[in-house]
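Feature annotations, courtesy of TrEMBL:
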type     : residues : note
DOMAIN   : 518-568  : domain 'Cationic amino acid transporter C-terminal'
TRANSMEM : 112-134  : transmembrane segment
TRANSMEM : 155-176  : transmembrane segment
TRANSMEM : 233-252  : transmembrane segment
TRANSMEM : 272-293  : transmembrane segment
TRANSMEM : 305-331  : transmembrane segment
TRANSMEM : 351-374  : transmembrane segment
TRANSMEM : 403-422  : transmembrane segment
TRANSMEM : 428-451  : transmembrane segment
TRANSMEM : 463-482  : transmembrane segment
TRANSMEM : 488-505  : transmembrane segment
TRANSMEM : 517-537  : transmembrane segment
TRANSMEM : 549-569  : transmembrane segment
Amino acid sequence: MAIETNVGDGNGNDLKKRRCGCSKQDFLPEDSFQSWTSYVNALSNTKSRLKDRLLARSMDHVELHEMRARSQHEMKKTLTWWDLIWFGMGAVMGSGIFVLTGEAARNHSGPAVVVSYFISGITALLSVLCYTEFAIELPVAGGSFTYLRVELGDFIAYVSAGNILFEYVVAGASVARSWTSYLATLFNHAPDSFRFHVSSFSEHYSHLDPIAVAISVVIGIAAGISMKGSARFNSAATIVQLVVILFILIVGLTKADPNNYSDFAPNGIPGILKASSILFFAYVGFDGVATFGEEIKNPGRDIPIGLIGSMLVIITVYCLLAATLCLMQPYSQIDVNAPFTLAFKAVGLKWAHYIVAFGALKGMTTVLLANLVGQSRYFTHIGRTHMAPPFLAHINERTGTPANATIMMTILNSIVAFFTSLEVLANLLSLATLFIFSMVALALLVRRYYAKGETTSCDRNKLVGFLVLILASSIANAVYWAVGKNGWIGHVVTVAVWFLATLGLKLLVKEAKKPKLWGVPLVPWLPSASVAINVFIMASVDGASFMRFVVWTLVLLVYYIFIALHASYDAAKEIEETRATATNLEGGARG
């Protein structure tokens, strides 16, 4: 990797010299890590530094200007609303629709899976609205990390970012290995036939997958060379996938049997809601598109059209596909693992499974691309804050892309994808995304109702109280559902508390800030509903995922206490000193 250093030319001038390799300064350039003495001194001040940074909130102008300046070069503004629509669809429409539909329809909702898709789609749309307002106001590479850092503070942003990056890597590795499996089925082979089995390795890590590594590397190279080129490839691949989906709809409906809808909702409302909680994960991926803010030509116009427009298309497509599947085959006969492929076989169209597999392969390719592009930009902004090694913040001057972060994430994705089975990876997914969505909606409420120096202490206290009630009632409602209580009284009480808390926020707390260009409508109702629904869906996540979340968060806390806290503290003080110096110079010039 290329590193720039300053060297003298003998005449007192500094010249930039390029060299290859990495040094400690690329990873830990802060004052706290310049010697063992300085590091021990930093550790001795952990308590005071933790107190300083725990709830420290950044500011819009810091993220928009001072943080971005740390990358030395700017990302190229090449994307329009048209690119964002295709990226939004490419990021979301992967293999999820071809896999999750079978389990949801057969085991939970029956033909009412179309209703479940609509409910989970509207839930995802609420999160999209929250992301859209933030992305317009703060069009930077950090996405949700930036939004939380500005509104909820450094610590919550760090924990959230660490968990979402873990899920990005797991998701990327999962899709890469699924890519190999679908490629094998496309050539009439078993899913593991293109992998090498090493019997001396542990069972879940013994099927080595060089194809997953190869596709990850190819996608990484494409993402690192050009963002506009990546956008064009994504658009072309997504168009091909839409053609395949159109084929499924047209050909599938020629085999439709309305009698399959005679038992529309066999498990009633509980079955529909359970299916909705499963199908929500088919809509995940749009949050990565929010990290493209620095590369969008006109954020105020392009982001709402791109993010909201793509989600509306996705909801429509998913509902149509689900309806078609249940018209082709009775829900009790739908295969859980390959619903569309075997549905076509069941109606005598065995050859169609090649087209379905090809469409899934194309979908996974665009998901891989969008995932990696989002990962690298997320990591870039974290590097700017020094919560991650700052060499990750570097933007390549020629390509205008975050080269170092792209390389790093490609390596991580490839290592995990090469060794780890899909079964292990599937058990690691799901919780952090819901946690982040809830936090972003909560942060939006803070942004609208709290402005430092303007909001009175009375309004601030009422805001905190109402937010605590919204969170507590949402958690109580989810727990009541998770423990399997069939009575409705508990839900009536918790929903009533949520409603009254949201109403109190609306009526009793003065709104402190209006969005400049575009804002979420019906505030605080829609963000509050987003919090409640995302927390409710968390109740469907298995206990192993919660344990993973806790364990990984503890690992993040160890890194934070010993490294990230001191690095970000030094970086923040550097900004304060620079600002103070600039103010003094400005004052001296006026004098």
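Cβ atoms are placed via backbone N, Cα and C, with glycine included.
In summary, the transmembrane segment (233-252) lies against the transmembrane segment (351-374): three or more C-beta pairs, each 6 or more positions apart in sequence, are under 8 Å. Ranked by number of Cβ pairs under 8 Å to the transmembrane segment (463-482), the listed stretches 272-293, 305-331, 428-451, 517-537, 549-569 are led by 517-537. Contact counts against the transmembrane segment (112-134), taken as Cβ pairs under 8 Å, peak for 272-293 among the stretches 155-176, 272-293, 305-331, 549-569. Stretch with the most C-beta contacts under 8 angstroms to the transmembrane segment (403-422), considering only 155-176, 272-293, 428-451, 488-505, 549-569: 155-176. Looking at which of 155-176, 272-293, 305-331, 428-451, 488-505 has the most CB pairs under 8 Å to the transmembrane segment (517-537), the answer is the stretch 428-451. Counting residues 6+ beyond its ends, the transmembrane segment (488-505) has Cβ neighbours under 8 Å at 445, 449, 462-463, 466-467, 469-470, 472-474, 476-477, 480-481, 524-525, 528, 532 in the same chain. If you look at the transmembrane segment (305-331), the same-chain residues 6 or more away from its ends with a CB under 8 A from one of its CBs are 81-89, 92-93, 97, 101, 105-106, 110-111, 113-114, 116-118, 121-122, 124-125, 128-129, 131-132, 135, 242, 245, 248-249, 252-253, 255-258, 260-261, 263, 266, 279, 282-283, 286, 289-290, 339-340, 343-344, 346-347. Per-residue pLDDT, averaged over the domain 'Cationic amino acid transporter C-terminal' (518-568), rounds to 89.
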